[in-house]
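Feature annotation from TrEMBL assigns transmembrane segment to 20-39, 51-71, 91-110, 177-196, 202-225, 246-271.
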């Protein structure tokens, strides 16, 4: 970073919200949705609307449960500040500094206002992972060796194991258990779909309630990081404050949707079973199974014999 030398990046930068894993998950579920839309014209009558509603809502729950595991906006914060750009330099730059916390790591974003200042392009986004198969302190040390801008290193240093803030362990464990709980919710979501494909609808409703419960447990697990005192991230007179991001609120909405759907299925099972069977396209099958013969043919020869 001295005498106009730019830093060298040996690997591709990672987006703070969407990365390759998230895009792959979305594409897979969109493929399922498009495949279903191709066969939906073959379903006749009102059942076509019911099938469409059930399948799309179910795919929405599944894709959110999986995709939020790879997003980086469970907790976000932005601040605009005038701060130093390089170490051992008194030059100040006007930048937007963003902090984006995910389940597996943290992203620090630095964008200049304007982007081109002091003969350099200020547009950075660096990812530091704290998953159990990664070493956060090593990633931070590599950032020091590459000569990342001072604001990025200052924010990333707050989450190191040696930092006086002591939040690294809390974030790491909370993110790990939130991720594990979401995977359990994904498994219960699969079980609920299998149960809904069989004439045991009430058990599918129960599994939806279990799915919603595990989704809420994941949110509670991540929320425990808010109980830890967070060090101030201050740039001059400006302070970077964080709050729950889009992934957190989207996961909460999906958890509540699972609760509402599960309670509705269970309530209809006990109070209006015919309506529930009609919605799941099982009413006609059951009617044919238990229907009585409408006409009876009797052989007169046996009737005359008194048989």
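Just so you know, glycine gets a Cβ as well, placed from its N, Cα and C.
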### Summary
Sequence-distant residues near the transmembrane segment (51-71) by C-beta distance (under 8 Å, 6 or more away from its ends) are 17-19, 21-22, 25-26, 29, 32-33, 36, 40, 43, 102-104, 179, 182-183, 185-186, 189, 193, 196, 211, 215, 246-247, 250-251, 254, 257-258, 261, 279-281
### Task
Give the one range among 20-39, 91-110, 177-196, 246-271 whose Cβ atoms make the most pairs under 8 Å with those of the transmembrane segment (202-225).
246-271
### Query
Do any residues of this chain, six or more beyond the ends of the transmembrane segment (246-271), have a C-beta under 8 angstroms from a C-beta of it, and if so which?
17, 57, 60-61, 64-65, 68, 71-76, 102, 182, 189, 201-202, 204-209, 211-212, 215-216, 218-219, 222, 279
